[in-house]
Amino acid sequence: MYLSLLKSLNRLHPRAWDFLQLARMDKPIGIYLLLWPTLVALWIAAEGQPSLSHVLIFTFGVVLTRAGGCAINDFADRKVDGQVKRTDQRPLATGKVSAKEALILFAVLMGAAFLLVLCTNATTVWLSFGALALAACYPFMKRYTYYPQVVLGAAYSWGILMTFTAQNGELPATAWLLYIANLLWTVGYDTYYAMTDRDDDLKIGVKSTAILFGDADRVIILTLQGLSLGCLLLAGARFNLGGWFHLGLAVAAACFAWEFWYTRDRDRMKCFKAFLHNHWAGLAIFVGVVLDYALR
């Protein structure tokens, strides 16, 4: 139903579907992976009572910035996507959208996100420039370093810091525990994602943690996920979170254990499904935080 609704927008403009695909609106998994930790941080910053305006600002902000990030990512990869099986049908790779149009879409989406940030406060506005810089540089990192997933983690975690400044006007040191936890988690699940393209990436010279980790990939991913949960436990203690939060962490831990088992043969599609599965871990933690505050 969701895809049918998106495709119906072609009635408004014959190329609407091409731009929606460029913004990856047909694949909302990236929205979920960015949204859950952002909302977790917002709920904690607001002690379980975030304003509706902040919830809307950060929810729509996540959608816009993730879409913009996809546009600039495809711009950066436009010359290599056609050589990778999973990406050879992307709009830039097939010529349905031009490089100039992709840059314009990136600018429009980031501009719209910035208008939302202007509804917060000066500190959050200044922080938003860091988010823009990370979003713009991440797609190019895979040409120069084996750690592009770390840059993605930094970008995907930036909204956590912004929720605290938007809510309270300041950034407590403990918020960095949530930031580090999400960065570690992101590196883990995006390594699963990179494992789906590892053979193609080796041929075309694209770098990733999946290539760097080699045969230790799954063990390192599980270690990163465990460290992420450890940081969340520490943050939970600092923010006085209790049983429901810990239950959410337990469900997330079960998700991580299942992913480790499921990818034991490193099948490409299984690695991709493990990447998608991380959405449920993030949702479990968010629900745990919401219930922990709501049922006090």
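Glycine residues also receive a Cβ, built from the backbone N, Cα and C atoms like all the rest.
Positions annotated as transmembrane segment by Swiss-Prot, on the basis of sequence analysis: 28-48, 52-72, 102-122, 146-166, 169-189, 219-239, 241-261, 275-295.
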Would you kindly check 102-122, 219-239, 241-261, 275-295 and say which stretch has the most C-beta pairs under 8 angstroms to the transmembrane segment (169-189)?
219-239
Distant-in-sequence neighbours of the transmembrane segment (28-48), which means Cβ under 8 A and at least six residues beyond its ends
2, 54-55, 58-59, 62-63, 65-66, 69-70, 156-157, 159-160, 163-164, 166-168, 175, 178, 182, 185-186, 189, 235, 239, 241, 275-276, 278-279, 282-283, 285-286, 289-290, 292-294, 296
Distal contacts, the transmembrane segment (275-295) - CB-CB under 8 A, six or more residues away
29, 32-33, 35-37, 39-40, 43-44, 47-49, 185, 188-190, 192-193, 196, 232, 241-249, 251-252, 255-256, 258-259, 262
